[in-house]
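Visitor: Have a look at this one.
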Amino acid sequence: MDADMDYERPNVETIKCVVVGDNAVGKTRLICARACNTTLTQYQLLATHVPTVWAIDQYRVCQEVLERSRDVVDEVSVSLRLWDTFGDHHKDRRFAYGRSDVVVLCFSIANPNSLNHVKSMWYPEIKHFCPRTPVILVGCQLDLRYADLEAVNRARRPLARPIKRGDILPPEKGREVAKELGLPYYETSVFDQFGIKDVFDNAIRAALISRRHLQFWKSHLKKVQKPLLQAPFLPPKAPPPVIKIPECPSMGTNEAACLLDNPLCADVLFILQDQEHIFAHRIYLATSSSKFYDLFLMECEESPNGSEGACEKEKQSRDFQGRILSVDPEEEREEGPPRIPQADQWKSSNKSLVEALGLEAEGAVPETQTLTGWSKGFIGMHREMQVNPISKRMGPMTVVRMDASVQPGPFRTLLQFLYTGQLDEKEKDLVGLAQIAEVLEMFDLRMMVENIMNKEAFMNQEITKAFHVRKANRIKECLSKGTFSDVTFKLDDGAISAHKPLLICSCEWMAAMFGGSFVESANSEVYLPNINKISMQAVLDYLYTKQLSPNLDLDPLELIALANRFCLPHLVALAEQHAVQELTKAATSGVGIDGEVLSYLELAQFHNAHQLAAWCLHHICTNYNSVCSKFRKEIKSKSADNQEYFERHRWPPVWYLKEEDHYQRVKREREKEDIALNKHRSRRKWCFWNSSPAVA
């Protein structure tokens, strides 16, 4: 259908609506939203502004635009023709103003200058070219009033003027200008699709009322109302922040390989071919191989002299050694640097240590436990005082003498596999490695070597996965039972046994404590104040398995504080996620969480749990009225920064509450005016039917 036919259709009012305003206030996008039903994402709205004008010939070219121009307002059929204009002040717009029925004057609520130009430039121009045409004042880009301006400014073009919080105009500013000029006032947001119909429907009403004054004989215009009030826009609740878990750190594979090369805290010494010495750690070997697990467990259950287990002796030796290495309290009070023990003192100390533990003195032959009948790969095992090659400290070690058939090179490769769970496909001596794996009954390694030799290395992935699962389960078992432990943490409400090698490879804080020159590195008991057993158990579970195993009695804030103290950001994030899940579950079941969230807020901020703090801020702000009514004192006791955040991000916002009050007040006033007007019309209608007494 041709656009000109709308002018010929009976009882169809064609309305020419001219849209004017400064550049970049959103005129063209407002027109496209009405004429083309265009929806835009925030990214498109924030793209670089290019001055454009929506062509009026779209009504002739595009059938869809023509169909959308037709509407019914107050039982009057209309065809709305929108005219876009340039925002440059020096442009000549007299042709656009010609024969206009209504003018929509736009400004941006994020640009105070555009509102100033309404009074200084645009309104005088409109009254100059079309003095009798009704005008509608429209505040565009309403969504910027509640948007995250920092994110908005980051998304805009680099050289764009940043939008400041002080640039955002409250609704009363636009309403004051509209009242001063005697204009109806509306606000719109193309992003939220709010106010578009309000603006153009009421622009049509204003045009039809003006036309009714001139064409009073048109009866279908009698029902047209004056421009209606616009209900205020309630911004949507911001979605709760999602707790993001950073990439999980590796299971200490590289650190374990490094620990094998630099055997700090080593407690096992392998002697190969009577000359090659290789230091290792029981916990890594026992959790990776059932053969070594049985070997070291047998050592703990049986001692050479039949009195007490070797595992208990090792703890005593480390305590005694720690007392030797610690500085004497009397010497600490003396000025000057601490004295280093002389050679004769070391000799005396080591002798005392040996005697205290019942171990063989230097030069004596230690009692060896024969292993040839137990396994053909081993000769014997005994306890002996040895000097650690890294820390240069003497301590008890399990000395294992291997069979002559065990070659040093393949045996080192086997140990590296037990530490890391990885096998290099380019290993040179695969045959020797396979032989040692067969002798030591490590069948998974034997199978992996066979796959590599058969060019089927891809099959090793499943074997490696099963290896790590078995190792993780064995580590959990050793942690829960304290098997092969070499350190005990003394806590406020108990003690927990742990393993220094695993801690060194899993936590830099622990590595610094046990691997440095601190006195804890030589002690088997470490006192950690202000820590409870449940939280420490959760931390150790995480360090051993890289997973959080929450307990019903676990306090998330205590765990976060401990994880932050140990410099474990991944565990902090897991604890934050657990805390949010527990709070959400409680809220879903109808339990009030407002007080708990308030108590979490500043503790989370203090312990660097920024994601949990952001979630708490969001909950408080989106439920501000209910939280404030129940916990007013707690709200007021928060820091100034938090209170400022509450005021800025509370929902519903203050400006909405003010607008809602104004809307309800004006609505009541209009209803009273309409009632009074209807009474007046009713009296005028019936006054002609009253009979006069004189006539009667």
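The first residue you see is number 1, and the count goes up from there.
For all residues, glycine too, the Cβ spot is worked out from N, Cα and C.
Reproduced below are the annotations present in Swiss-Prot:
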REGION    1-210  region 'Rho-like'
BINDING   21-28, 84-88, 140-143  GTP binding site
DOMAIN    266-427  domain 'BTB 1'
REGION    327-348  region 'Disordered'
DOMAIN    485-552  domain 'BTB 2'
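Help me picture where these features are in the structure shown.
Guide: Mapped onto three states, the DSSP output places THR85 (GTP binding site) in coil.
Secondary structure by DSSP for the domain 'BTB 2' (485-552): 32 helix, 13 strand, 23 coil.
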Visitor: Can you check what DSSP calls GLY21 (GTP binding site), collapsed to helix, strand or coil?
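Guide: The three-state answer is strand.
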Visitor: So if I measure Cβ to Cβ from LEU142 (GTP binding site) and keep only same-chain residues at least 6 apart in sequence, which ones fall under 8 Å?
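Guide: Residues satisfying the criterion: ILE109, GLU187, THR188, SER189, ASP192, PHE194, GLY195, PHE233.
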Visitor: Just checking, which of ALA24, THR85, ASP88 (binding-site residues) has the fewest C-beta atoms within 10 Å of its C-beta?
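Guide: Per-residue Cβ counts within 10 Å for the binding-site residues ALA24, THR85, ASP88 bottom out at ASP88.
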Visitor: For GLY21 (GTP binding site), what residues in its own chain, 6 or more apart in sequence, show a Cβ-Cβ distance under 8 Å?
Guide: LYS27, GLY87, LEU105, CYS106, PHE107, SER114, VAL118, TRP122, CYS140
